[in-house]
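A.B. asks: From TrEMBL, here are the annotated features:
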BINDING   A:178, A:224, A:452, A:493  L-aspartate binding site
BINDING   A:224, A:225, A:226, A:233, A:486, A:538, A:539, A:540, A:541  ATP binding site
DOMAIN    A:156-559  domain 'Aminoacyl-transfer RNA synthetases class-II family profile'
REGION    A:202-205  region 'Aspartate'
SITE      A:86  site 'Important for tRNA non-discrimination'
């Protein structure tokens, strides 16, 4: 099918083009027949332009245009004219002109699409994924992909300007299942052996620092065989960053610089830096979360001090067991019904809390089932501490420190919703959360796990605690949080073979296992490893937030469903038995 | 270990900095003890700077500096001074200054490295790969990685400026083993099913055209489970490009624009465009290759016309069987000995040729074993056609057209070497090879295969031949060749479901199989697919050529060996039986 090359895109023509002969190629978005004249809105990635087929102008062509249906692909030649007065469309940039067609070539026809090619459609996501090539024709999806493209460019330009080198690290690498589950790839040449897809290029980027690359970044695919959610995919994209001869402040400076660029170039806003910082402990005590959403207040308050000498059993036990008593003030919610309070009690119970203590503030008094167990002084101090007033509602939880804080953190978010405190259009709020615990104890396997990963450096002053009380060791680790989402996380790394060995030991990884899995890294540390640290951004989530979408699937061209399927091409799929034979594997 | 942040890199200080107090961090590259003074060449990615430890300046520090060994990582504070006259080093940009040390912190020690950190080392590549973190400290390797980084940026900037969108396509996709062998990834949630790693994002990029993205590019990892060579790796990087509403000329224009940028920004040369073009047939007849190296002449000539009526059996058969008789003139090689000629005969026989006909030109006569079978007219015409003169040597091969031409093409390269025609420093030579055959017949499986891939469009005028003589159908396919290397290949695609079905049929892929594997693409063609085409560059090879290296492994940070092993981290490796159980597979 011969067709003429377009002279303009469908988003390009203006009044200054009036009188020109042009060729446009695109899709029929809308077809109208008004008073015997056929109007076509021709669409491409760049916009829409109205084409007019007038029988008085060209009878044969008008006949031909009658065949056009939505989503036909056509090539049109014609003359640009000013639209007749009163028919302009101020909503599109080409709205003052249209094209009187002189020639039409149908490049491809189209069946009726299973859903309309429009924004804000109410269609099951499965159908959108199956017909992704139609879903991606919609303007809002193209906008998301174009924003993503812009973010790649801004990122790469920024890091290049700051002397970072982009280095590609392998996708076929060694399986080191510390952390999430690996995806495995059987080797054909090495029977019974497997490659793994990277959960992150962590070891490679550290190796690049040992290699003296000084400043590395990469926008890179990573893989985790974990169950999927709205903000998780099997394969996801990271902005991966590592720097040598740095401390935490240097990483913050580089990252804040990038965020300033995003704010400026995408949101057209000046981001004020340095960003707010909260230690993990502060974040947990105030917001019950290590990724607090600071777009609204509603802070939690620790009540241990005002209840230090309480005789109320529940609180007393919490204090004796080095636990916490945390309170939340729900301004003006004193009129919550018993039923509403039961619902909220169920809410925290489902999370694992033993129950929920609530108190209504009436004048200067607390009205609550447990009121009788507290002294007048304690009640007064609670009111004072929480700054409570008549008509307010107070929630209190107590018990194991971090668990209790996280229950209250969830209740905080729930109350924020109920109290209409969340404004999706509020200024985006960024902060650093720092000083994470280095280790997490797991009750099930009875061992410590690295909260960040096993290459994270402890704070120098906490190293002795690795022998005595690992749970107290703070890491030189940090997360960047935006509107309640963790968008980046990183740490200063261990660069010393002895400290790395000590780390593995604390994690219960014996020398043999450590050597098998990470021997090359510890070996590398023996040949002059510089101090180094880095960070990795969840690029999909970042793109989602800047695009103002609610699912990362809306900023990924070809995402998988929550069961890891690609509905468009129906993968994963069965493969030929011969393929498996060559790979020396069989299905159990 | 506390250390001061560097004030400068090791490549930065100049005479204008004399008198400044500075802090440098880096690696001890060279350590000299001259007359009781210790000189350190401190190295980082940016360069080298000389540090001086004088006992008269600081006795204790001089003692400390005695401990330094090569590759120790240190932080040094001191004052920049002009080097004493006569001790300047004009070979490094920092060679007019050095730093008198006032403070030294050893950040990490280093064992003796298994090979020196120098350019042009004579070390087995396996050792370099095992200690890649040391190999990459060498300036020539860092230069290659930095060039690669620059090429990423130039590529992305260029395509962005030309309205292309970078879109990430999935790594976990559907297995469609038409072409090379797939790498497979077992699914945990879907027992007995597998993902495949992409051999290329071919179907996705076509889907993006159907989705109206108009112009797509991506720098993307691809995977082929094929045996490795110096210019092949399991995982390799492509610049992947696709455009809608285009013909061959549009693709050429975009690609030539990119090559102009590379020539300008990397080689500082003006590339003349449009580039030379040869059809596949021309390239084969003149150079015996579809990727001819045009840095030297030495063209082959087809002799069919001058031997049309020959009675010499070998040539006569070639002509009767629609084969070819091809000649090559080796200027001034008439003195080749019988032994030399035997070696060359063996050379072509090993390739598969039946033998090699040679003729010495003596005056106006041909001296050759077969001379007696040719008429005087034939001999005269051969001399005339090849423009041969006294003292020249002529080679002739005959038989099946493309096979014979490719044997002669190999002999051409061999003779070019022997005649010292190849000058590695000659101007790089680029050309397009066009009009490839659409199909290749395979004698073993008795079927046609797609020479490019099954989505390649035939030339419109050749479509009827698909039914009658598929071997004669020419494709709208093209390769970009540089110095005898294919650096990019592409085609205009089929965008019509019926033609695509016809293509599968000719390839002997039945409807069921075609639907299972590519049904989604043919389905997509039903909803308005635009005409489209594209190309993919072998990025590793491109980087290798522009870096002037001989192996793609020198422009890849962490390459695998020819048996697909990563010597640094020893992968592929055995994995835990539980991992396999979760994936529902076992080793045979």
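Quick reminder: no glycine exception, Cβ is built from N, Cα and C everywhere.
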A.B. asks: Measuring Cα to Cα, tell me the gap between residue A:493 (L-aspartate binding site) and residue A:86 (site 'Important for tRNA non-discrimination') in whole angstrom.
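C.D. replies: Here the two Cα atoms are 67 Å apart.
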A.B. asks: Going by C-alpha positions, which of the binding-site residues (A:452, A:486, A:539) is nearest residue A:86 (site 'Important for tRNA non-discrimination')?
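C.D. replies: Comparing Cα positions, the candidate nearest residue A:86 (site 'Important for tRNA non-discrimination') turns out to be A:539.
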A.B. asks: Across the record's ATP-binding residues A:224, A:225, A:226, A:233, A:486, A:538, A:539, A:540, A:541, the largest CA-CA distance in angstrom?
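C.D. replies: It comes out at 20 Å between the most distant Cα atoms.
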A.B. asks: Look up residue A:541 (ATP binding site) in the DSSP assignment and reduce it to helix, strand or coil.
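C.D. replies: In the DSSP reduction, residue A:541 (ATP binding site) maps to helix.
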A.B. asks: Count the other Cβ atoms sitting within 10 Å of the Cβ of residue A:452 (L-aspartate binding site), across every protein chain shown.
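C.D. replies: A 10 Å sphere around the Cβ of residue A:452 (L-aspartate binding site) contains 21 other Cβ atoms.
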A.B. asks: Do any residues at least six apart in sequence from residue A:486 (ATP binding site), in the same chain, have a Cβ closer than 8 Å to its Cβ, and if so which, in order?
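C.D. replies: A:290, A:291, A:479, A:480, A:538, A:541 - these are the non-local Cβ neighbours of residue A:486 (ATP binding site), listed in sequence order.
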A.B. asks: With H, G and I counted as helix, E and B as strand and the rest as coil, say where DSSP puts residue A:493 (L-aspartate binding site).
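C.D. replies: Note: residue A:493 (L-aspartate binding site) is in a strand by DSSP.
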A.B. asks: What are the sequence-distant neighbours of residue A:539 (ATP binding site), meaning same chain, six or more residues apart, C-beta distance under 8 angstroms?
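C.D. replies: Residues satisfying the criterion: A:151, A:219, A:236, A:237, A:238, A:239.
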A.B. asks: Using a 10 Å radius around each Cβ and all protein chains in view, which of these binding-site residues has the most neighbours: A:224, A:493, A:541?
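C.D. replies: Compared across A:224, A:493, A:541, the most Cβ atoms within 10 Å surround A:493.
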A.B. asks: Enumerate same-chain residues with a sequence separation of six or more from residue A:226 (ATP binding site) and a Cβ-Cβ distance below 8 A; give 'none' if the list is empty.
C.D. replies: A:180, A:181, A:232
A.B. asks: When a 10 Å sphere is centred on the Cβ of residue A:86 (site 'Important for tRNA non-discrimination'), how many other Cβ atoms does it contain?
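C.D. replies: Its Cβ has 5 other Cβ atoms within 10 Å.
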A.B. asks: Using DSSP and three states only, what is residue A:486 (ATP binding site)?
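C.D. replies: The three-state answer is strand.
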A.B. asks: In three-state terms from DSSP, label residue A:226 (ATP binding site) for me.
C.D. replies: coil
A.B. asks: Give me the DSSP three-state residue breakdown of the region 'Aspartate' (A:202-205), ordered helix, strand, coil.
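C.D. replies: Going by DSSP assignments, the region 'Aspartate' (A:202-205) contains 4 helix, 0 strand, 0 coil.
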